[in-house]
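Take a look at the structure set out below.
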């Protein structure tokens, strides 16, 4: 990859969330703590699901996949940021930047698709309870996860490969704590119209499509819950999807907030600080949301730890 004047570009500078020297120690401790909580929390969900045979159901199969993706998602960005803060070095190589961008797109896409699959699972469980295990059979569950991976990989590879031919100018500073594709593309010296079109199309198709599916699923779920006569039955039905609805609201709400913030304030640290919500905070909170009021997960964790003693 070459710059506009044919000199080789080997690295970018990640400016991070803040350039204030007095904040670096605080940011390091904060993000290290959040990273460890995220990894351990999601790892516990995976181990509890695997170790308890009662949780070998479609709902918890998808949840364990989401937890695995969240671990990978946060591991794509935070460790590099921690290294940069600790070493006082903002450099990321060109190859490292493209790789980070590729994996970030992969895992954010997987989060998106898995949340949609989980919404469909809740739709079948509440609207077609008698046929739930027939419809959500192991083959379909595996195919849904596989399809999520395939679509995410294709999107990630397409957008990352389209960055490779772009020539870059001498201004190589990225006002972010990771190589966010929109920020990187707009550092290029050439016309990025095609890249922008592909990015907007991907957001509309791969973001809007799953969100539409989630909204449709929940519209049917709400209709089914309203048809239940007893208050206890309504509460029980709603409680089975309350955690998922909370995670969906958090994920899409923070994503929307980030892009609105980025649109309002170009080339500032505001967008980077806002993106912490869906890149770090959401994966960290997911295990707490799913386990806080879920007696099956809490019971599986207790059994798991008792078995280790």
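Heads up, the Cβ atoms here are built off N, Cα and C, so glycines get one too.
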Can you tell me if Swiss-Prot, going by its topological domain labels, places residue 185 on the same membrane side as residue 218?
no
Kindly point out the range from 140-160, 161-181 that Swiss-Prot annotates with transmembrane segment.
140-160
Same chain, 6+ residues apart, C-beta under 8 Å of the C-beta of residue 97 (disulfide bond), given in sequence order:
12, 174, 179, 184
Long-range Cβ neighbours of the transmembrane segment (100-120) (under 8 Å; 6 or more residues past either end)
59, 62-63, 65-66, 69-70, 72-73, 76-77, 80, 92, 144-145, 147-149, 151-153, 155-157, 159-160, 163, 178-181, 184, 206-207, 210-211, 213-214, 217-218, 244, 247-248, 251
For the topological domain 'Cytoplasmic' (218-237), what are the same-chain contacts with Cβ under 8 Å, counting residues 6+ beyond its ends?
119, 122-123, 126-127, 245
Can you check what DSSP calls residue 189 (disulfide bond), collapsed to helix, strand or coil?
coil
PLDDT averaged over the residues of the topological domain 'Extracellular' (76-99):
94
Taking DSSP H, G, I as helix and E, B as strand, the topological domain 'Cytoplasmic' (121-139) contains 16 helix, 0 strand, 3 coil
May I ask you to check whether the transmembrane segment (55-75) and the transmembrane segment (272-292) make contact, with contact taken as at least three Cβ pairs under 8 Å and only pairs 6 or more apart in sequence counted?
yes
